[in-house]
Every structure is written in structure tokens, then in C-alpha cells.
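Each remark here refers to the structure printed beneath this line.
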Amino acid sequence: MGSPVFRRPFCHLSTYSLLWAIAAVALSTAQVEVVTQDERKLLHTTASLRCSLKTTQEPLIVTWQKKKAVGPENMVTYSKAHGVVIQPTYKDRINITELGLLNTSITFWNTTLDDEGCYMCLFNMFGSGKVSGTACLTLYVQPIVHLHYNYFEDHLNITCSATARPAPAISWKGTGSGIENSTESHSHSNGTTSVTSILRVKDPKTQVGKEVICQVLYLGNVIDYKQSLDKGFWFSVPLLLSIVSLVILLVLISILLYWKRHRNQERGESSQGMQRMK
């Protein structure tokens with residue numbers, strides 16, 4: 001009679017080994033850290049994004065992808081076997097400027113609005129799959145500010161406009177009573193936004209010699225733009241009509257006097273001629 005064969009412990013041993021292997025892979029993956037840093041750069045300049053893999057195990061390949069609504073888009077890869085491979089869409093626009101498998105950087109030669117967004121760096125690790133990090137690029141345009149004022153018939157307009165990316169905010173300092181404020185914004189195709197704020201002063205004479213400050217809030221900083229109000233020209237419609245009427249009257253009187261004088265001279269000359277003929 002043959003002795004029985006026990007297979008159950010072997011199954012348990014295989015299961016335990018598999019579990020230990022999975023745990024080891026998970027532990028090694030969990031210990032891998034990807035360090036990234038978001039960047040804010042001036043539009044139409046050079047910008048770089050960097051990823052660092054904190055591990056002693058060197059990955060096989062590094063891939064950079066751009067995050068999009070429809071899914072990530074491959075941009076460029078680097079490996080020791082194939083070097084740098086740039087996708088056709090991104091040729092002449094970007095390159096990997098730090099050739100490494102643990103530290104990698106991509107550089108945009110001349111940033112455009114399409115380059116703004118978030119990017120993933122993927123490290124393909126042997127035995128533990130892919131490890132990724134995300135770095136975001138934000139583009140800005142420095143504000144261009146204009147501050148001026150105009151006098152009208154019965155009020156004064158003080159206008160402050162700022163154009164920038166992202167959109168700036170405008171506030172006023174040094175204003176008094178009897179002043180109305182209106183603000184509007186307009187987006188441009190180049191990615192900038194213009195914000196215009198107008199102060200309407202009902203009694204301009206009260207603001208002569210005073211300093212008005214337009215405060216532009218941009219990226220957490222407040223910049224003051226100052227304007228001193230000089231004496232302007234105030235007039236009303238009745239006063240203007242009176243002045244014009246007076247000028248017209250003076251012109252008519254001058255014409256009438258000139259005509260009378262010229263007529264008297266002609267009469268005098270004709271009477272003298274008749275006396276000589278006699």
C-alpha cells in the first residue's frame with residue numbers, strides 16, 4: 001500500500017511566496033518619491049520643468065506627457081538605448097535638457113499659450129511598473145497701466161486701465177465724496193485681460209491739486225500709480241452761449257462801424273469833387 005502524497009503545504013508555500021513578492025514590490029514602489037516643482041514664467045520666454053526620482057534603482061525609460069482633457073499626450077522620451085525621442089508635434093518646441101534617468105528636465109524654447117498646463121514625468125521601473133510626478137507651468141504677462149483724466153461740461157472722469165495675464169484688479173485710494181466708480185473687463189486673443197476703472201467726479205473743482213492713486217493688484221502685489229489733478233477748464237452751456245453771442249455781437253458792431261466809416265468817407269470825397277466842378 002503506497003504512502004499518501006501531501007500537496008497542501010506546497011500550495012501554502014507558493015501562496016506565501018507570491019504574497020511576499022507582491023508586498024516587496026508594493027513596498028519598493030511606495031518608497032519611491034518623485035519630486036517636482038511648479039513654475040511661473042513670462043510668456044514668450046524660455047521655461048523648464050524638472051522631475052527628480054528619489055531612489056537607488058535606476059529606471060529603464062523616462063517619458064514626459066502633457067495632461068489633456070481627452071487623456072495624456074506623449075511628448076518626449078529618454079532611454080540609454082534610444083536616447084531622446086521627440087514626438088513630431090513637439091519638435092522644435094521642446095527638448096530634454098537634462099539627460100538622466102533619475103533627474104530629468106524639459107525646456108520650452110519660446111512659450112506660447114498652448115504650453116500652459118500640467119505635465120507628467122513617468123519613470124518606467126523594472127519590476128515595479130511606472131512611477132510618476134506632475135509639474136505645472138503657468139504663464140504670465142506683466143501689467144501695462146495707463147492713468148489719465150478728462151474734463152467734461154459738468155464732471156471729471158479719471159480713468160485707470162491695466163492689461164495683464166492673469167487678469168489684474170483695480171482699486172482707488174484718495175477719493176472723496178460725490179464720486180462714482182464703474183469697472184469693466186475685456187479679454188484679448190493673446191491671453192491678456194484689460195480691466196478699466198473710471199471715476200466720475202461730479203464737482204471737479206473740489207479735486208484740483210489733489211492726488212488720486214490707482215492701485216493695481218497683480219499676483220499678490222499691489223502697485224500704486226499716482227496722478228495729480230491740475231486745474232482744468234470748466235464751463236457751462238449757458239456761459240458758452242453767452243460768450244459766443246458776445247463775440248458775434250462785437251464782430252457785428254465792428255463791421256457796422258467800419259461800414260459807416262467807409263460810407264462817410266465816400267460821401268465826403270464825392271461832395272468835394274462836386275464843389276471843384278462848380
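Keep in mind that glycine also has a Cβ here, set from the backbone N, Cα and C atoms.
The following features are taken from Swiss-Prot:
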DISULFID  Cys51-Cys121  disulfide bond
DISULFID  Cys118-Cys136  disulfide bond
DISULFID  Cys160-Cys214  disulfide bond
DOMAIN    31-141  domain 'Ig-like V-type'
DOMAIN    142-232  domain 'Ig-like C2-type'
CARBOHYD  Asn95  N-linked glycosylation site
CARBOHYD  Asn103  N-linked glycosylation site
CARBOHYD  Asn110  N-linked glycosylation site
CARBOHYD  Asn157  N-linked glycosylation site
CARBOHYD  Asn181  N-linked glycosylation site
CARBOHYD  Asn190  N-linked glycosylation site
TOPO_DOM  31-232  topological domain 'Extracellular'
TOPO_DOM  260-278  topological domain 'Cytoplasmic'
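Neighbour counts of Cβ atoms within 10 Å were compared across the glycosylation sites Asn95, Asn103; the minimum falls on Asn103. Separation of the C-alpha atoms of Asn95 (N-linked glycosylation site) and Asn110 (N-linked glycosylation site): 12 Å, rounded to the nearest whole number. Cα spacing between Cys214 (disulfide bond) and Asn181 (N-linked glycosylation site): 12 Å, rounded to the nearest whole number. In the domain 'Ig-like V-type' (31-141), helix, strand and coil residues by DSSP number 6 helix, 66 strand, 39 coil. In space, Asn110 is the closest of the recorded positions Asn110, Cys160, Asn181, Asn190 to Cys118 (disulfide bond), judged by Cα positions. DSSP states for the domain 'Ig-like C2-type' (142-232), grouped as helix (H, G, I), strand (E, B) and coil, give 4 helix, 59 strand, 28 coil. Along the topological domain 'Cytoplasmic' (260-278), the predicted structure has mean pLDDT 67.
Ranking the recorded positions Asn110, Cys136, Asn157, Cys160, Asn190 by the distance of their Cα atoms from the Cα of Asn103 (N-linked glycosylation site) places Cys136 first. A gap of 11 Å separates the Cα atoms of Cys136 (disulfide bond) and Cys121 (disulfide bond). In terms of C-alpha distance, the listed recorded positions Asn110, Asn157, Cys160, Asn181 place Asn110 closest to Cys121 (disulfide bond). Here Asn157 (N-linked glycosylation site) is positioned 29 angstrom away from Asn190 (N-linked glycosylation site), judged by their C-alpha atoms. Between the alpha carbons (Cα) of Cys51 (disulfide bond) and Asn110 (N-linked glycosylation site) lies a span of roughly 20 Å. In sequence order, His44, Thr45, Thr46, Arg93 are the residues near Asn110 (N-linked glycosylation site), counting only same-chain partners six or more apart with C-beta under 8 A.
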